[in-house]
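Presented below is the structure to which this report refers.
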């Protein structure tokens with residue numbers, strides 16, 4: 001029995017290599033047909049072989065291309081047949097049939113030559129493989145293929161893609177394919193009409209890929225001639241010495257086209273003069289007199305006459321030459337009709353982009369406005385309602401932010417720590433506000449200038465104490481995970497969740513304060529005390545208590561605003577002073593004593609600042625400068641702010 | 001003021017006799033200047049180091065700007081939080097010439113050795129590269145158009161702060177912005193100015209500011225010990241002259257009007273005085289004084305940058321005047337000198353630290369806290385400031401019956417007496 005088995009094994013081992021190889025399988029035939037160029041393995045000549053494999057429609061073709069790309073194809077030296085092979089050890093191969101991938105057996109590798117496609121060929125094989133991937137049953141694979149094509153598209157992909165669209169079932173993928181097909185059409189289609197149609201279909205599309213496709217089409221070259229040609233491919237005519245075409249560049253173009261004499265820079269001229277210095281004189285001109293450009297020009301001209309230096313154009317000659325020529329840009333990357341269509345599509349995209357940027361700017365402005373509103377709303381109570389100038393308000397914001405920081409040091413969970421920090425910050429700054437009111441401000445109620453000074457004193461003391469405790473470096477206040485990231489509306493418009501949260505918080509505060517001031521006993525008493533403390537007192541209201549509570553309330557809100565601002569910016573001991581002037585501006589611009597006014601003021605200040613920043617994006621400092629100037633001017637025309645109180649309340 | 005007679009044939013008593021404090025102040029200032037000169041390294045026995053002479057000179061300039069602050073705040077009731085900005089503008093105006101001229105000399109020196117004599121353009125390019133290389137520019141911004149001319153820049157020391165104050169004041173006073181609103185507005189102006197100067201393309205070297213101002217062009221041979229004394233004398237003279245000017249302004253009818261504006265602006269307006277014009281005049285004049293003080297201060301400090309203009313500087317100015325005692329000229333001078341010297345002493349690390357066992361109070365860190373809190377205390381408990389101490393002595397001898405000496409709130413001395 002054992003003997004029989006051994007015999008069988010031996011018979012199989014001997015018989016397998018030769019008998020299992022299907023020499024006449026269709027795929028093997030295709031390979032054999034192009035055997036020479038496959039073995040030559042040169043990037044320039046390999047094309048037909050790959051195409052023949054890919055176009056053969058054989059089920060095995062894809063596997064063959066895959067293996068070939070992975071350097072797993074070998075060729076039998078004697079028969080010239082191709083096989084797949086894996087190295088078992090350094091001398092032995094396990095070989096498989098190219099037709100069905102069945103194992104044939106092992107063989108010594110001396111009989112086989114490995115195909116070693118270089119990276120160029122592997123790339124070509126990869127491109128050919130894409131068509132198989134496009135029809136792969138796995139949707140992820142198909143999407144990946146689309147990405148591959150989008151990354152480096154080729155003319156050949158267009159046809160493949162069109163074929164794949166017809167069979168695609170998944171709607172999302174089909175849409176992506178159609179979009180990519182139109183992009184490829186723009187780039188590679190033979191017929192200009194097709195290209196133009198595809199281009200026009202993208203008018204107003206915000207995708208970055210569209211702009212990346214269209215921009216190369218409108219590439220131009222600067223050319224010059226005696227007159228502007230009447231052809232359609234002239235993109236635009238430029239005049240020299242404009243922003244688009246500096247005078248020097250225009251002239252250099254003429255020089256490089258051999259249409260004009262070269263010009264010379266001041267430094268080169270100087271160097272040429274120095275090179276021809278002889279006995280304290282250049283071309284007979286005394287060196288001491290060469291201290292003006294005019295004198296140097298003359299000396300250089302003399303040198304040029306003597307043939308010692310190249311003659312160059314003088315400024316007047318340059319102007320005269322430039323007058324003789326026109327400069328224009330010519331489309332070079334595409335036929336004029338296509339280029340024009342691309343230009344107009346880009347124009348419409350630009351318009352749409354501008355609209356969306358405006359929208360984005362609006363969102364930015366809104367979020368900045370809500371930050372200013374948060375910073376200012378506490379002031380709207382202490383300054384707006386009570387008319388107490390609290391210059392330490394910014395430091396209350398800072399105290400709130402540091403409270404949040406300390407809580408985060410103790411409670412590691414960010415969500416929980418924010419939930420704890422908000423009321424705690426309110427409590428801390430409420431306490432600080434009440435203490436300040438009791439100790440300092442109530443002695444100064446009728447001396448506003450001195451309130452301002454005393455609170456300044458407190459402000460610098462608090463700032464320095466914070467610096468002594470927490471150091472000068474910025475401390476982070478980390479937002480919880482669910483506030484990370486941003487809400488992306490399209491490629492241009494997006495807003496981070498943290499800004500949305502701040503906006504919502506600002507709205508909540510607006511509601512809360514309106515509620516407290518207009519609908520509660522406390523609010524009623526606050527308004528009574530503000531209007532006429534003596535009358536309020538005779539009605540049984542305790543003005544001292546009300547003042548204390550109101551001031552504490554305003555300060556407490558500053559503390560909460562501090563936590564919110566800390567999430568958005570870093571926590572430093574100086575963060576309060578960054579906001580204090582803007583906060584007062586917000587309240588003054590909006591109209592003192594009116595919470596809606598503060599909202600309007602914050603909106604105006606925020607929008608204005610973002611608007612100015614947009615006009616001059618590199619420079620936020622300038623934006624702040626101009627914004628403050630604007631506010632100073634604004635107060636000229638509406639000294640009492642946007643919403644001015646009228647009647648008796650205004651006199652209080 | 002006291003003996004105005006309707007016949008008009010009276011002779012006025014000299015200012016100094018009507019206000020002995022002026023005479024005393026000038027005498028003290030003169031003695032102080034003489035004393036420092038004798039003790040200095042430059043001209044005397046070398047007890048006081050050059051750097052301390054500079055500190056004293058700078059302090060005199062701060063006293064001058066405090067004087068201006070007192071005039072505008074203590075007498076006219078305008079709490080301006082922008083006078084240190086005018087001070088800085090004066091410094092920038094003179095600093096531009098100092099820096100231009102010194103760089104020009106260096107550039108010309110370096111070009112002398114070259115083969116061809118330099119053209120005007122080459123010199124100008126060289127200076128611009130030297131000065132503006134640090135902010136990545138190599139051309140002169142338009143604001144430097146007159147930097148080559150000392151007389152024009154000296155005129156700018158007066159004109160720029162003056163014009164600035166004139167325009168700002170005109171806008172603010174005509175729209176009746178008063179009290180704390182005006183303070184906030186001036187603070188905003190200061191902030192805007194400092195933010196503007198912080199930009200690199202403001203043309204004034206951004207946050208690098210102007211530096212090397214202590215080296216006077218073409219006076220390299222003169223030792224700093226001598227230069228420091230020159231500036232010390234200049235500052236002392238300016239302070240003396242400024243004190244006289246301010247005393248003269250507040251002494252006459254004009255002074256009465258501005259004090260009245262401080263005490264009750266509406267009433268003065270209804271009496272028919274052009275309140276806005278009075279305020280504008282005082283605001284602009286004090287801005288000019290501040291500019292001059294700045295122009296004397298920064299060559300001694302050697303460097304000016306936008307931080308010096310930041311709102312906090314103007315707040316400290318108000319602190320000095322409040323601690324010294326506003327509404328009296330010598331109060332401002334005492335306050336500025338006292339607080340700024342004390343501040344130098346504390347922040348310079350010379351003050352001994354206090355060891356509490358569990359914590360050591362390092363004055364470098366805690367001085368600002370002490371200053372802030374003592375400022376609160378002064379505002380609450382001693383509105384007259386240090387100058388109030390003088391009253392304790394003077395009140396004992398003879399009451400001053402010239403109207404209006406005067407802390408801000410209790411009103412005129414006469415009213416106080418009437419209340420008794």
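From the backbone N, Cα and C atoms, a Cβ is placed for every residue, glycine too.
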Practice task
Would you mind telling me which of B:209-229, B:230-250 TrEMBL tags as transmembrane segment?
Solution key: B:230-250
Practice task
Given the cut-off of 8 Å on Cβ pairs that are 6 or more apart in sequence, determine whether the transmembrane segment (B:21-39) and the transmembrane segment (B:366-383) share at least 3 such pairs.
Solution key: no
Practice task
Test the contact criterion for the transmembrane segment (B:45-68) and the transmembrane segment (B:303-322): 3 or more CB pairs under 8 Å, pairs 6 or more apart in sequence, then answer yes or no.
Solution key: yes
Handout entry: Touch test for the transmembrane segment (B:303-322) and the transmembrane segment (B:180-198), at least 3 Cβ pairs under 8 Å
Key = yes
Handout entry: Stretch of maximal Cβ-Cβ contact with the transmembrane segment (B:75-100) [cut-off: under 8 Å; candidates B:150-173, B:230-250, B:271-297, B:329-346, B:366-383]
Key = B:271-297
Practice task
State the residues, same chain only, that lie 6 or more residues beyond the ends of the transmembrane segment (B:230-250) and have a CB under 8 A from a CB inside it; answer 'none' if no residue qualifies.
Solution key: 15, 19, 21-22, 25-26, 29-30, 32-33, 36-37, 40, 53-54, 56-58, 60-61, 63-64, 67-68, 70-71, 75, 258-259, 285, 289, 292-293, 296-297, 299-300, 329, 333
Fill in the blank from the handout: Per the Cβ under 8 Å criterion, with at least 6 residues separating them from its ends, the transmembrane segment (B:329-346) contacts 21, 25, 55, 59, 62-63, 65-67, 69-71, 74, 239, 243, 246-247, 250, 317, 319-323, 363-364, 367, 370-371, 384-387, 390
Exercise for the section: Take a look at B:180-198, B:271-297, B:366-383 and tell me which one has the most Cβ pairs under 8 Å to the transmembrane segment (B:150-173). Expected result: B:271-297
Practice task
Could you give the residue numbers and ranges of same-chain residues that sit at least 6 residues beyond the transmembrane segment (B:180-198) on either side and whose C-beta is under 8 angstroms from one of its C-beta atoms?
Solution key: 78-82, 84-85, 89, 92, 168, 172, 204, 206-207, 306-307, 309-311, 314
